[in-house]
Amino acid sequence: MVIDKSIPKATAKRLSLYYRIFKRFHADQVEKASSKQIADAMGIDSATVRRDFSYFGELGRRGFGYDVTKLMNFFADLLNDHSTTNVILVGCGNIGRALLHYRFHDRNKMQIAMGFDTDDNALVGTKTADNIPVHGISSVKERIANTDIETAILTVPSIHAQEVTDQLIEAGIKGILSFAPVHLQVPKGVIVQSVDLTSELQTLLYFMNQNHLD
């Protein structure tokens, strides 16, 4: 199957949502799904679904719909969800602790293998209820050496985000999901995905205000 390498970011961000929808269809024993059914489940229009799918070659036939099992497996392959992906979490503050206790593996094949914080943090040397150990950040390089871990969730204060990012890159991390509302400088080959909760809330409030004006 030919896959277009220039997939727009908006499409890429919907991939996990498509995967979730097809898993739900499969659980409901739906065998075929039309672009309209997929669009309705996603809250988007069917033209967007067809355009997104066009980047991945021929996924279905016009008038026949999409094979649910085939597409579920396709997105599982695309998102590497056949084997467990281990990640680390850095920053055990309020957001970090909440994520440490979130059961990612109940929904997808990913899990937090270790947590890290400043060496003097009270949580260092302890384990969560799910047996996730928390270590001092100074040991991150040796802790993930000889493991398959290349991904980190970053939930540290903004003023420390770049410094910690540099440590993670030196340790071999290639992908960072950052909750710090600052731009992180990273070398080519390292990918940063930012989650700015304040910005997302402000965007929500903006659209709510536009609704009131209408």
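Placed from the backbone N, Cα and C atoms, the Cβ positions cover glycine too.
As recorded in Swiss-Prot, the features of this protein are as follows:
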type	residues	note
DNA_BIND	17-56	DNA-binding region
BINDING	G91, C92, G93, N94, I95, G96	NAD(+) binding site
For each of C92, I95, count the other CB atoms within 10 A of its CB; which of these binding-site residues has the top count?
C92
Non-site residues, in chain order, whose CB comes within 8 A of the mean position of the CB atoms of G91, C92, G93, N94, I95, G96 at NAD(+):
R97, A98, L99, D117, T155, V156
If you count the C-beta atoms lying within 10 Å of each candidate's C-beta, which of the binding-site residues G91, G93, G96 ends up with the smallest number?
G93
Mapped DSSP class for C92 (NAD(+) binding site), helix or strand or coil:
coil
Which number gives the other C-beta atoms within 10 angstroms of the C-beta of N94 (NAD(+) binding site), all protein chains shown included?
9
Can you tell me the mean pLDDT for the DNA-binding region (17-56)?
93
Could you tell me how many residues in the DNA-binding region (17-56) are helical, how many are strand and how many are coil under DSSP?
28 helix, 2 strand, 10 coil
